[in-house]
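K.L.:
Just dropping this structure here.
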Amino acid sequence: MAKKAKKDGRSVEPTGNPILEVKYNDPLFSIAAHPTEPIFVSGLATGHVFCNRYDAERLEERMQAIKDEQKKKSKTSVKTTNAAWWTQVEDITNTDEIVTCWKTKRHKGSCRSVLFDPIESSVGKHLFTVGKDHVVKKANTETGKVLTKTDISKDLSSKDAVTKLCHSTTHPFLLSGTENGHVLVYDSNDLSNKFKVENVHEDAVNHILAMPSVSPYHYLTVGSTTLSHIDIRKGIVTQSDDQEDELLSMSFVPDDDRNDTVLVSHGGGIVTIWKNSKNKLMDQLSRIKVNKEASIDVMISAMDAGDDDMAASVWCGDSDGLVHRVNYKKGKVVETRLHGTADEVGFLDIDYEYRLLTAGMDSMKLWSAEGDDEEEEESEGEESEESEESDEESDESSGEESEGDDGNGSNSEESDSNDEDEVESSDDEKEKEEESTETDHKNIEAESGKQANKRQASQPKSAGENVKKQKLKQTSKLAHSHGIRRFDGL
């Protein structure tokens, strides 16, 4: 019997059903899903922040209706057509399925990170953002109005900037990683400075992960080629050996309530498994190949611990525009979804009902929480056919085995205007939006050319990168890069 052909990860037939796609007119730099409501917030390269509310039930129904209609008309799967079978909207929109709750010019320059308050007593009530302007702001999620803010320039060294935010799940600690490898800690109540951990990494901090089961003061960070375990009061607890590959993101798995097992994504297209109880996180224990042609830029736990398969899984987004579900117990990719052929996956989140949210600089997709009935039917059919063929071929002893497949919110009044942060009446930064946006676009255009050569040397190339569609806007010149380096100069 012939050996099954091994499929390339990039040629796997994508699975899953998107129910919503939001297309952005300016590069998306950060996105976050609300932990308890159907809301997501987007931070853009221009410094704007948008808050949208969606009706997931209507989106699911509309997607299913389109699929059923296509199947009724042509007796074929909707996935065989070139048309989208999900809802597509612009970033500012008001429909029955999705509305823009508020929008504002929150920062001068890019908005680099957005984050909802995860503390149980105030979960989702507050939104934290940080921009290129070195200002951290805390706002009311419902209205968008700023409650407090702080300029952290005094805490940064020359030519340093914040890349990533992280919040303790139990204490008012807001952590920020910087381009120079430091971690700054603020009191999230009033944004006063509390701690500073210097030289955690030699280069930018790519990701920060809280360790609530260990201590509210303990966190993991990745940056450059190392993983560090830090105590925000005392400094570095341990730092891993040099992995000789850039570490970009990480996640605990849902079935580990001790924060012991952590999965780490690499620039070389792999995911590695680490255990604190084995070797104090000094080195990886094993690795899982995901996509050798791309970098694994972002990772998040599947979170749904009610399902054994999902409880052992993480989602990984890569620079080829693919999203892979990796089961660490099986040591392999068990599902692959296509976010976009011309948009790298730089952001992942899980909404309040365990729906996957994927995003790149151009668009965001929200995926159905329901299983893919078509794929299950097709899979059963293929298995049946293969079984019959196998029986027939076994009699002849010469057959070859066929290749296997390894809530709706009300439309609130718009709060955008010509002034920065017009949504909040207390903010005194009054610059015209048109002037600020024009400056942002010039900065983006100028920096993109400067960074292009640098990125070419460090990033694995997508097979379709040279044929990416050209957009008729200034921001189309912005080059993509893996990890936190997409922020270079912005």
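Easy rule for this one: first residue shown is 1, then count along the chain.
Glycine too: its Cβ is placed from the backbone N, Cα and C atoms.
Okay, so Swiss-Prot annotates it like this:
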type	residues	note
COMPBIAS	370-406	compositional bias 'Acidic residues'
COMPBIAS	413-437	compositional bias 'Acidic residues'
COMPBIAS	438-448	compositional bias 'Basic and acidic residues'
COMPBIAS	450-461	compositional bias 'Polar residues'
COMPBIAS	469-484	compositional bias 'Basic residues'
REGION	368-490	region 'Disordered'
REPEAT	23-64	repeat 'WD 1'
REPEAT	118-155	repeat 'WD 3'
REPEAT	157-196	repeat 'WD 4'
REPEAT	242-284	repeat 'WD 5'
REPEAT	286-327	repeat 'WD 6'
K.L.:
Any chance the repeat 'WD 3' (118-155) and the repeat 'WD 5' (242-284) are in contact, meaning at least three CB pairs closer than 8 A with a sequence separation of 6+?
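P.N.:
Judged by the Cβ rule, the two regions do not touch, with the required three close pairs absent.
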K.L.:
With DSSP as the reference, give the number of residues of the repeat 'WD 3' (118-155) in helix, strand and coil.
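P.N.:
Residue counts in helix, strand and coil order: 6 helix, 18 strand, 14 coil.
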K.L.:
Should anything in the same chain at least six residues away from the repeat 'WD 4' (157-196) have a Cβ under 8 Å from its Cβ atoms, list it; otherwise answer none.
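P.N.:
Result: 112-115, 117-120, 126, 128, 130, 132, 134, 136, 138, 148-150, 202-210, 212, 216-217, 219, 221, 223-224, 230, 232-233, 484, 487.
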